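Here's what Swiss-Prot has on this protein:
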| type | residues | note |
| --- | --- | --- |
| BINDING | GLN160, LYS331, ARG360, SER361, LYS382 | (2R)-2-phosphoglycerate binding site |
| ACT_SITE | GLU204 | active site, proton donor |
| BINDING | ASP239, GLU280, ASP306 | Mg(2+) binding site |
| ACT_SITE | LYS331 | active site, proton acceptor |
Amino acid sequence: MNDRFRIRKLKGYEIIDSRANRTIRVRVETYDGIVGFGDAPAGASKGANEAVELKDKNGRVIDAVELVNTVLSDSLKDYDVRRQRVIDTTLIRLDGTQNKSRIGGNTMIATSIAVLKTASRALGQEYFEYIGGPRAKYIPMPLLNILNGGLHAGNNLKIQEFIIIPKNFDKFTEAIQASIEVYKRLKDLITERYGKIYTALGDEGGFSPPLEKTMDALDLVYTSIKSLGYEDKIFMGMDAAASNFFHESHYELDGKRYTAGELIDYYKQLADMYPLMYIEDPFEENDYDSFSQLQSKLKKTIVTGDDLYVTNIEYLKKGIERMSSKGTIVKPNQIGTITETLDYIDFARRNAVKTIVSHRSGETEDSIIADLAVGTQSEFIKTGAPSRGERTSKYNRLIEIELDYGLEFYGKNFYL
């Protein structure tokens, strides 16, 4: 075997994520000295069925690092980094649990990403080229979370994210520039109405003004868009993360109690009032039928499952059978390996489900999800506001890809 591709060793590092929590970085090195790194992100709002992180009782990842330096390094020694599926299958076998709890989804995804990057570098290819080959032709539309609520903020909004979607632009660079302008206009509006103190940023770079009602937040965002003349080019979205305001048999939102049926009517009202192109996790994570009913009522809105599917084909199959959503979030650390992530995206696309490659609220500067979105031809990428380095690293990577390789912007010819 060529020493350029043969794994010599793995090394684990305990690093810091954007929420001041400890996470793991893995370094893979071949005998020829080719090196690749992978970081594990972490969510604040987590699906009950996603891969379990391996963390120490005090929140650190010393045990995970030790596992990489010993068991994983020994087990993967001499493997060919180009054999991603074989390596990921080995990780899954070594773990031996359904929820990745022995090795940890965090340990596994950091290792899996590091293997991918090492192989790509050894071949002299860009990551997106290695992932997608000649299929990689488009830059995804960004979903920018510019106003935060829920578990991502310190205000009283129950809806977790208020999103802008720049669609009708010729280039990604134009789309991101318009989004920056809307973001800054929103900051000005918040300053005027509530004071500069409320322009502090949430976990994902969005603002967290002292709002309590969903419509107040949507009004602020829509006013920012319209004041710049972008109402025909920039659309809106929400991540409700509704499991967080579901209580036994009802939802508590905007100071009211809603049944699932009443909440469907409320979302329909919002979609009639605002250009809502996207709604994520509008119901609690086991309610496939309410997702389906909402999607059937909102023909021009991409109802999307995150906690509903947790990047797991078995859960997505249920959603497809019930026609629960037009879209699915893709978070590699929810499932634990690059191979399983690619299989999930392939399954979604074969069943006409749109894919949204997504960050987590606890991120690092690793920009691999940008390459993953391009390489898999995902329609969307969701990676926060156009601020904070762990968010902008992904946008800056997409700018590089567009300018260096001339790829087209997905929004230019995208139709619902």
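Quick reminder: no glycine exception, Cβ is built from N, Cα and C everywhere.
Here the structure is a predicted model, which means the values were calculated and not measured.
Feature map: Swiss-Prot annotations on the structure.
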residue : record                               : CB count, 10 Å
GLN160  : (2R)-2-phosphoglycerate binding site : 28
GLU204  : active site, proton donor            : 30
ASP239  : Mg(2+) binding site                  : 28
GLU280  : Mg(2+) binding site                  : 28
ASP306  : Mg(2+) binding site                  : 29
LYS331  : (2R)-2-phosphoglycerate binding site : 26
ARG360  : (2R)-2-phosphoglycerate binding site : 27
SER361  : (2R)-2-phosphoglycerate binding site : 24
LYS382  : (2R)-2-phosphoglycerate binding site : 31
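Summarising the (2R)-2-phosphoglycerate site geometry, the residues cited as binding it (GLN160, LYS331, ARG360, SER361, LYS382) extend over a maximum Cα to Cα distance of 17 Å.
Of all the recorded positions in the record (GLU204, ASP239, GLU280, ASP306), the one with the smallest CA separation from ARG360 ((2R)-2-phosphoglycerate binding site) is GLU204.
Those residues of the chain, other than ASP239, GLU280, ASP306, with a C-beta within 8 angstroms of the mean position of the Mg(2+) site C-beta atoms are GLN160, GLU161, ALA240, ALA241, ILE279, ASP281, THR304, GLY305, ASP307, ILE329. Look at GLU204 (active site, proton donor): DSSP puts it in coil. When Cα-Cα distances from GLN160 ((2R)-2-phosphoglycerate binding site) are compared across the recorded positions GLU204, ASP239, GLU280, ASP306, the shortest belongs to ASP239. Closest in space to GLU204 (active site, proton donor), of the binding-site residues given as ASP239, GLU280, ASP306, is ASP239, taking the CA atom of each residue. Closest to GLU280 (Mg(2+) binding site) by Cα-Cα distance, out of the binding-site residues LYS331, SER361, LYS382, is LYS382. On the backbone, the CA of ASP306 (Mg(2+) binding site) and the CA of LYS331 ((2R)-2-phosphoglycerate binding site) stand 9 Å apart.
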